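Notes follow the structure.
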Amino acid sequence: MSIKTVKDFSSFAGKRALVRCDFNVPLKEGSISDDTRIRAALSTIEYLKERGARIVLVSHLGRPDGKKNSKYSLKPVANRLSELLGQDVKMLSDCIGSEVVNSTLQMKDGDVVLLENVRFYAEEEKNDKNFAKKLSENGDVFVNDAFGAAHRAHASTVGVADYLPSVGGFLMEKEDKFLGGILKNPERPFVSIIGGSKVSSKIAVLESLLSKSNVVVIGGGMAYTFLHSEGYSIGKSLLEDEYIGIASSFLKKAKELGVKVILPLDHIVADDFNKNSIPEYINSFNIPENKIGMDIGANTLKEIEKVVKTAKTIIWNGPLGVFEFDSFSKGTAKVAEMVASCSGLTVVGGGDSVAAVNKFNLSDKITHVSTGGGASLEYLEGRILPGIKVLEN
């Protein structure tokens, strides 16, 4: 089902648009270390400005546990937005209350203000009706552009929609289009590349994508549980005992469906899990008993390259090795390059794989880099996201 977007709203002129963004950006000593999420909101903000809206931005930042805490103030975001938009973005000292409402009522067309962190109130995460109503008094129309928080049924993502006409912003529309398109009708061959450390956090995504994929590539720490389930020795590598049976059932089901599964057939290993460990190549499915699997090997990469070259659609979620350690990042880097050079539709979702694509400066060569970590994952699991549901036609 498609969502209503800003393009479906008749007129923004003179109206206060309460825009829920995802400005949950990383801060280092009070400075923003990565402004990707702020830039992602600009197209919606510019669109509303051009149409004479009075823009009231709302977001969370970090986990202040329902208490005011200057460490989690959105002030650095207001400063960065002022630079990016080339106009003063006024930072308000709160997100609800008569003083805040009066400030929004005195705005002129094209003005932009930012409310203080909604998570300074415990009621936000409880989706408290009274809090949502107070928040809604800052707008005449609600625009949700916070895909990264769409899997949370909070007051600022879901609750306010009970009190205001509600539409999605361009970022929300884009995420819904690309991730939804992959689940509904992918062009084939469709290759799913799923990495990450734990089967427990990725099995739902794997099961959701299995029936839709032609090929599933499994890498990262979770691959060792799959290898173990097939009878291979994995040394001291990560193993989730309670998921061995589930991994085995998954591989059996893939066989029944005629879906090719690529598991690591060679490895880069180390004596221990340490960034300074010496990498060693093992040309076998089996890992010696005193070694830990840390990355995929050259033969595995060749197998992946074969399927990526001919793919018409690729979804990649999760790194294929311990990419945060430089000595064990080559597998993930090579896969990032392969995905970037694929001529088909490519979507990268999930925090770590997005970080990998950014680390290797390849994001502009990917069709769509998802901004939602947990939200992307839940969407790909086939779950209904509350923040999207309230925007459906």
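Backbone N, Cα and C atoms are what each Cβ position is placed from, and that goes for glycine too.
Per Swiss-Prot, the features are as follows:
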{"type": "BINDING", "residues": "Asp22, Phe23, Asn24, Arg37, His60, Leu61, Gly62, Arg63, Arg119, Arg152", "note": "substrate binding site"}
{"type": "BINDING", "residues": "Lys202, Gly293, Glu324, Gly350, Gly351, Asp352, Ser353", "note": "ATP binding site"}
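Taking the features listed in Swiss-Prot, we show where each one sits on the structure.
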residue	record	DSSP (3 states)
Asp22	substrate binding site	coil
His60	substrate binding site	coil
Arg119	substrate binding site	helix
Lys202	ATP binding site	helix
Glu324	ATP binding site	coil
Gly350	ATP binding site	coil
* **binding-site residues (His60, Arg119, Lys202), the one with most neighbouring Cβ atoms at 10 Å** => His60
* Rounded Cα separation (Å) that holds between Glu324 (ATP binding site) and Asn24 (substrate binding site) -> 22
* Asked: Counting all other Cβ atoms within 10 Å across every protein chain shown, which of the binding-site residues Asn24, Ser353 scores highest?
  -> Ser353
* Take the C-alpha atoms of Gly350 (ATP binding site) and Asn24 (substrate binding site) and report the distance between them in angstrom, rounded. => 15
* Which of the three DSSP states, helix, strand or coil, fits Gly293 (ATP binding site)? -> strand
* Judged by the number of other CB atoms within 10 angstroms, which among Gly62, Gly293 is the least packed of the binding-site residues? -> Gly62
* Minimum Cα separation from His60 (substrate binding site), reported as the residue among binding-site residues Lys202, Gly293, Asp352, Ser353 that achieves it -> Asp352
* To do: Using C-alpha positions only, work out which of the binding-site residues Lys202, Gly293, Asp352, Ser353 is nearest to Arg119 (substrate binding site).
  => Asp352
* Asked: When you tally the Cβ atoms that lie within 10 Å of each candidate's Cβ, which of the binding-site residues (Asp22, Glu324, Asp352) has the highest tally?
  -> Asp22
